[in-house]
Amino acid sequence: GKMWAYTVGFTVLPHVGGFLGWFLNRKEIPEWYEKLKKPSWCPPRKVFPVAWTMLYTGMGYASYLVWNDLGGCGSKAIVPMGLYGAQLALNWAWPPLFFGAHNLNMALVDVLCLDGLAIGTMCSWYRINRLAAALLLPYLAWLAMATCITIRVWKDNPQQKKD
């Protein structure tokens, strides 16, 4: 009976930080982000909320599958769910670093660490639930693009770099 609540809770959780990141930094997007030099292949702004809604939903549901297969929050869940939690924290930290603080150096460090943790999460989940690992593939592809955009923005906007 309660499983639907867990399913919904795990699936919604990633959206919480994503929404907060957008909400707190939304004024910086037209005022600051639009003025940055970005690569020509950078997706239009309207693509990002749609993409993140799908990615957070897939990631959240995948985390539920892994948690459920491991029988909840026991000792077996520490590494796979710890990796997931750590990468989610870095995911949520990126918008305040990039948009809020305009700190391109820290945003770059954040996204590079995030990449490693997200790959680690997928690898640890693969042994537990292959569907959950597969559900992270679109997220990893999007992160690869986001990392490349962050590197290019970092490189092409030297006047924006903060120590």
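Cβ atoms here come from the backbone N, Cα and C positions, even for glycine.
Taken from TrEMBL, the feature transmembrane segment covers 6-25, 46-65, 77-94, 106-128, 134-154.
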For the transmembrane segment (77-94), distant same-chain residues with Cβ under 8 A (at least six beyond the ends): 13-14, 17-18, 20-21, 59, 63, 66-67, 70-71, 107, 110-111, 113-114, 117-118, 120-121, 124-125, 128
Intrachain neighbours beyond the transmembrane segment (134-154), with Cβ under 8 angstroms and 6 or more residues off its ends: 36-39, 42-43, 51, 54-55, 58-59, 61-62, 65, 98, 104-105, 107-108, 111-112, 114-115, 118-119, 121-122, 125, 160-161
